[in-house]
Amino acid sequence: MADNEFDIDAFFSTEKKSTSSENQHCGFIAIVGRPNVGKSTLLNKILGQKISITSRKPQTTRHRIMGVDTDGDYQAIYVDTPGLHIEEKRAINRLMNRAANSSLSDVNLVFFLVDGTHWTNDDEMVLNKLQKANFPVVLCVNKVDNVQDRNEVMQHMMEMSKKMNFVDVVPISAKQGKNIDVLRKHVRDHLPKAVHHFPEEYVTDRSQRFMASEIVREKLMRFTGDELPYSVTVEIERFDYNPETDGFHINALILVERSGQKKMVIGKGGEKIKTIGREARLDMEELFGRKVYLETWVKVKSGWADDERALRSLGYIDDL
């Protein structure tokens, strides 16, 4: 096994009842929408554990991530996508849009997430793509818990329901888990009879190395300013399990584009990078169930977000 990683199912597993392949149903559900509308939060809530990072800032999700939910004969494979957005000024933005678009191929159902309070040009762009595709779509009106006036929500839902022939229009709160059961029912109704793609204990297709890099990036987004998240990425240079310490030894390289950003990440007296490292380590220990020894470095790599060769080496093109 590469990089001395444990088998992924040792860490991303749940106890499920085994089932005969004769009665199995399996299919793919794409979760799409504009940036920062709650797609990753919804996926985490459906799975009952965190596999996709979240923050208040748009475009937190950069990679296509699969979440696997197996319940008896039914296996639903959810595809969390980067938010589709109109502006494609940089190579990384173009790749994120391509990753999101490629997720719309050969799916059995689409969850289209929108905000319960307003409709944007990015929402319209996603809608146009869905109208051209031949997939059943459930419109998920998220963040309804933020709206006090019930009539306002109903009016907003009525207006949006006219935009396309949706399978259903469901008000949800991804954060609180409201109406997740309704979405699950739609999933079951659309899963074809097919052999399961993943063993029943799997919850994600992503490796521990990938999850470690995403956790560090999440902490960077939470503890730094508004400009930095779009100019930073994380590369895991070492991911080893040491039986003597019964823990993971992880080296994370944080790449920024300018020296000023490096100073921002490190912080006065190194306090910010210490906080980022500590919070990331605690999350990794909870996720992996082992002690984690995390070391972080910050390096300036000018123009990485516009360099397709660099983006390929960092795993962004693997999603396409």
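Just so you know, glycine gets a Cβ as well, placed from its N, Cα and C.
Per Swiss-Prot, the listed range annotated as region 'G4' is 142-145 (candidates: 142-145, 198-201, 266-269, 294-297). Per Swiss-Prot, the range carrying the annotation region 'G2' out of 14-18, 59-63, 224-228 is 59-63. In Swiss-Prot, the region 'G1' annotation falls on 33-40 of the listed ranges 33-40, 49-56. Within the listed segments 80-83, 176-179, 204-207, 260-263, Swiss-Prot records region 'G3' for the stretch 80-83. Counting residues of the region 'G4' (142-145) by DSSP class, helix then strand then coil, yields 2 helix, 1 strand, 1 coil. Sequence-distant contacts (6 or more apart, same chain, Cβ under 8 Å) of Val144 (GTP binding site) comprise Gly116, Val153, Pro171, Ile172, Ser173, Lys178. Under DSSP, Gly33 (GTP binding site) is assigned to a strand (E or B) in the three-state scheme.
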